[in-house]
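These come from Swiss-Prot:
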type: BINDING; residues: Gly247, Ala248, Phe249, Gly250, Cys251, Gly252, Lys253, Thr254; note: ATP binding site
type: MOD_RES; residues: Ser142; note: phosphoserine
Amino acid sequence: MSNLKRFDDEERESKYGRVFAVSGPVVTAEAMSGSAMYELVRVGYYELVGEIIRLEGDMATIQVYEETSGVTVGDPVLRTGKPLSVELGPGIMGSIFDGIQRPLKDINELTESIYIPKGVNVPSLSRVASWEFNPLNVKVGSHITGGDLYGLVHENTLVKHKMIVNPRAKGTVRYIAPSGNYKVDDVVLETEFDGEITKHTMLQVWPVRQPRPVTEKLPANHPLLTGQRVLDSLFPCVQGGTTAIPGAFGCGKTVISQALSKYSNSDVIIYVGCGERGNEMSEVLRDFPELSVEIDGVTESIMKRTALVANTSNMPVAAREASIYTGITLSEYFRDMGYNVSMMADSTSRWAEALREISGRLAEMPADSGYPAYLGARLASFYERAGRVKCLGNPEREGSVSIVGAVSPPGGDFSDPVTSATLGIVQVFWGLDKKLAQRKHFPSINWLISYSKYMRALDDFYDKNFPEFVPLRTKVKEILQEEEDLSEIVQLVGKASLAETDKITLEVAKLLKDDFLQQNSYSSYDRFCPFYKTVGMLRNIIDFYDMARHSVESTAQSENKITWNVIREAMGNIMYQLSSMKFKDPVKDGEAKIKADFEQLHEDLQQAFRNLED
C-alpha cells in the first residue's frame, strides 16, 4: 500500500489554478499567473475543455466549451500550456466531429449513449487504424522545409492524403519510413537541423485561431460550379471566393448549402453545422453516403470527400465559436495539399449569437442589437482565410478554400448587424426571398437584389470555354429587370394595352423564371445542372426572344402584322419544347445527346420563324 503513488500528477501541482466564479459558460479562475491568452485549460474535476479569453492580474476568464453545471468554487483548473488545436492527418475524411474536434462516432461506440459525457477525452483521429504510407521522392540526406510533400496515403478512393512537412519544420532527412502500413502516431520521418533531431509522425497539431502560412495569394480565375442554374449563370462564385446566403426561415439556405456539398466542383467538402438543428446534420449523414460522384468511370460515395463538424443548437453555446475555427483549419490543411476545398458554415448568425452571449457575460460594451463592437472584425478574420493560394513548399501546387456562409437574420431582415457586416466582407451575395419561397419557387434567390463581384475575374474562363455566354447573361438580366418595371404597369392597366414587344418580354421572362431559374433539387433530372446544359438552355430562350422581337418589329408597318398572339399560336410546340429543356437528364442522356437536342431545337426555332415571316 505504501508504494502506491497518492497523486498521479504531483509534477502538475504548479499548473493548477482554482475556480473563483461561474456564470454559465464563463468561468473565472484565480492563481493563474503564467497563463497565456487563448491557452487551453481543463476546468473542474470533470476536466471540461475551456479557453482563456481574458487575463487580469492572476485572474483568468475562461470560456468553457462544455456544460458547466456542477462546477463549484474552489474546483481545480489545469493549465495545459498549449492553445486550442486540432489534429490533422489521415482519417479526417468521412468523419463527424463536434466543435472541438471530438469524434462523435467513436464517443458513441465507447459510451453507447446518444449524449456526450462531460470531459470526455478521446483522440480526434483513431490511433488504432493503420494507413498505407508511400514515400515520395525524398531520400535520406535531402533537404526539406515546411510545406514540402514527403509521402502519400490513400485515405480513400476519392482523396489522396498528401503528407506535408509541418510549416515550422526544416532540416536534412535522417530517416524516411519505407512503404508499408503505419498508425498516425508512428514516426515516418526524422529531420536534423543545427544538431537537433525532430521526429515527425503522420499527425500534425495546429492552433485553430492561427491561419496556416502560404507562399502567396493568387487572384481567383475558375468558377465554383454549383449545379444550380440561377447561381452558375447570374451570380457565379469562384474557387477561393467568399459567399453569403442570407434568408429567413424556410427559404432553403440549408438545401442550397447541401446542394453545394453534393454537386460542386470541389475536391474536398468541410460542412460545419453551427448552432442549427440536429435534424439537418443527421439528414446530411443519412443522404451523403447514398449519393455518389463519378470519377474516371467509377462511382464513389461523396461522404468520402466530406468531413462534418457538427455543433447543433442543443450543444453548448461557446463551442460554436470553436466549430467555425475548427472547420476553417481543416479546410486550410487540405488546401495545402493542392486541393480545392469548399467550406459550408451553416449558420454564421448562430456563431455571432454565441459571441454576443459571451460578450454579455464579460460585461463588455454592447454595440448594435447587443452584438459586441468587434463583430465585424471577427467575421472578417474568418472570411479572410478563404482564397486561392500558391502553397508553401515543393513541389509547386495551388489550392483554394471557398467559404459559403449561411446567415439567418431574425425575420429575414437584411439590415440585421450580422448580415450587414457579412455583406461588407463577402464578394457574392445570394439573397433568399421569403415571397419566392412562399410561391414554392426554389432556389428562392431574388435575382434583383443578389450580386457577384467576380464577373470580371471569370470573363477569361467564359471566353475560352463558352464564348457566347457573357452576352446571353447580360440579356437575361435586362429581360428580368424590364419585366419588373412592366409588372407595375400591368397591375394598373392590364396586359392587353401593352406594346407587342413588351408582351414578348413578359412571356419570355415568365419562361425564364419558371423553367430556367426554378430548379427542383429533389428530382433526378434537375437536382444538378451541368454548365453546358445551362448555356444551351439560355441560348435557345434568348434566341427565341430576339427572333420574336425581330419578327414583330420588322412587320410593324406592313399589312401582315405579326403580333405576339400570332407567334404564340404558330409556335405552341416550340414553346413547349423550350419549357421542357430542363427535363433532359445529364446522367441518363449524356452531354453529346443533350447538346445535339438543343442544337436541333435551335434549328427548328429558326425554321419556324422563317415560315412565319414568309
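For all residues, glycine too, the Cβ spot is worked out from N, Cα and C.
Positions of Swiss-Prot features highlighted on the structure.
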residue	record	DSSP (3 states)
Ser142	phosphoserine	coil
Gly247	ATP binding site	coil
Gly252	ATP binding site	coil
Problem - Spatial neighbours, same chain, of Gly247 (ATP binding site) - Cβ under 8 Å, 6+ residues apart - result: Lys253, Ala406, Val407, Ser408, Gly412, Gly431, Leu432, Asp433, Lys434, Ala437, Ser444
Fill in the blank from the handout: Smallest number of other CB atoms within 10 Å: among the binding-site residues Ala248, Cys251, that is Ala248
Handout entry: C-alpha spacing of Ser142 (phosphoserine) relative to Ala248 (ATP binding site), in angstrom
Key = 57
Exercise for the section: Show, in sequence order, which residues other than Gly247, Ala248, Phe249, Gly250, Cys251, Gly252, Lys253, Thr254 on the same chain lie with their Cβ within 8 Å of the centre of the Cβ atoms of the ATP site. Expected result: Ser408, Leu432, Ala437, Ser444
Fill in the blank from the handout: Residues near Thr254 (ATP binding site) by Cβ (under 8 Å) yet at least 6 apart in sequence within the same chain, in sequence order, are Glu276, Glu280, Asp346, Ala406
Completion exercise
Cβ proximity for Gly250 (ATP binding site), under 8 A, sequence spacing 6+, ordered by residue number, returns Lys434, Ala437
Practice task
For Gly252 (ATP binding site), write down the residues of its own chain that are at least 6 apart in sequence and whose Cβ falls under 8 Å from its Cβ; none is a fine answer.
Solution key: Leu432, Ala437, Phe442, Pro443, Ser444
Completion exercise
If you tally other C-beta atoms within 10 angstroms for each of the recorded positions Ser142, Phe249, Lys253, the top scorer is Lys253
